[in-house]
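Now, the feature entries from Swiss-Prot:
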COMPBIAS  274-291  compositional bias 'Polar residues'
DOMAIN    311-374  domain 'bZIP'
MOD_RES   Ser28  phosphoserine
MOD_RES   Ser50  phosphoserine
MOD_RES   Ser96  phosphoserine
MOD_RES   Thr135  phosphothreonine
REGION    1-22  region 'Disordered'
REGION    266-297  region 'Disordered'
REGION    313-332  region 'Basic motif'
REGION    339-360  region 'Leucine-zipper'
Amino acid sequence: MGTHIDINNLGGDTSRGNESKPLARQSSLYSLTFDELQSTLGEPGKDFGSMNMDELLKNIWTAEDTQAFMTTTSSVAAPGPSGFVPGGNGLQRQGSLTLPRTLSQKTVDEVWKYLNSKEGSNGNTGTDALERQQTLGEMTLEDFLLRAGVVKEDNTQQNENSSSGFYANNGAAGLEFGFGQPNQNSISFNGNNSSMIMNQAPGLGLKVGGTMQQQQQPHQQQLQQPHQRLPPTIFPKQANVTFAAPVNMVNRGLFETSADGPANSNMGGAGGTVTATSPGTSSAENNTWSSPVPYVFGRGRRSNTGLEKVVERRQKRMIKNRESAARSRARKQAYTLELEAEIESLKLVNQDLQKKQAEIMKTHNSELKEFSKQPPLLAKRQCLRRTLTGPW
């Protein structure tokens, strides 16, 4: 059991992809005609021509996934042929493929008629006239999707040149994970010697078996292939960055991620140290891990919005209480002043009344004294008068 680096696909070599293209096309669903698809994948009573484009693509993806799963299952038991990469030129997945709204709602027959009418309106002759005579059942799925504009030729070429698949170039049964673009990372498990193959893009260092191995793309390959379009740089030049545990955590140690041990063990874990190298660094400098400088992320300032709101509410409540108390004191003071003024007025009225009463009592007493000094008047005695009323 050993670990080695496979750099066959780092330079973007398209010769191997072109060699595996016929085999890949023979095993792909997109090389089948609609009649063959109907006889192979079609359901009874349901024609592919009556399906919408969305439904057609969903059925193709389902069949492709099923084929890939069956191929993977069979590849574990028996090694595949040399250079066989099933699903290498597969269609883009639903997450990256968007159909036009007008095209997704049309059926396959309507799209086929529209393509024929469009070619007829352009006035093409010669070989195009022979192609227009071709029926939908004789048309391959790949040609139909290309003419409909669902699959671009650039995408198909990139998929054909991709090295991702379920069989490595050495013909051993295994499992390989790739990105679908040349010059990118791919990890494969070889079935013969149980080794791990890591196809890594230049510019990213890997720690394999406790050592750092750097893959650099030679400049001669770029000069030999000037006509090939270079893919965009996925891993730019980066500096060493170290992530350390926060200060408040109980475990304050740094965790490093390594890929030590056999290839069939669990690959890595949660790590706290991330190190990236640039294409300009030499392999001698990357033989061992450089001691990282820990960069501690602080907790940052906590949000005090809740506390500020509580303090603001208390201040507003205190201001309201003070204003209410001032208003109540003003009302009490005004009421007290009114009462005092009323008392003063009542006192004045009482004094006037007391003076009048004293004068009246004085005059009454003087009159009584004068009356008592006068002699009493004697009344005349009244006698009974004799009357002659009797008979005598």
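Every residue gets a Cβ built from N, Cα and C, even glycine.
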Let me know how many other Cβ atoms fall within 10 Å of the Cβ of Thr135 (phosphothreonine). 10
Segment-level pLDDT (mean, integer) for the region 'Leucine-zipper' (339-360): 96
Give me the CA-CA distance between Thr135 (phosphothreonine) and Ser50 (phosphoserine), in Å, as a whole number. 15
Other CB atoms, at most 10 A from the CB of Ser50 (phosphoserine): 11
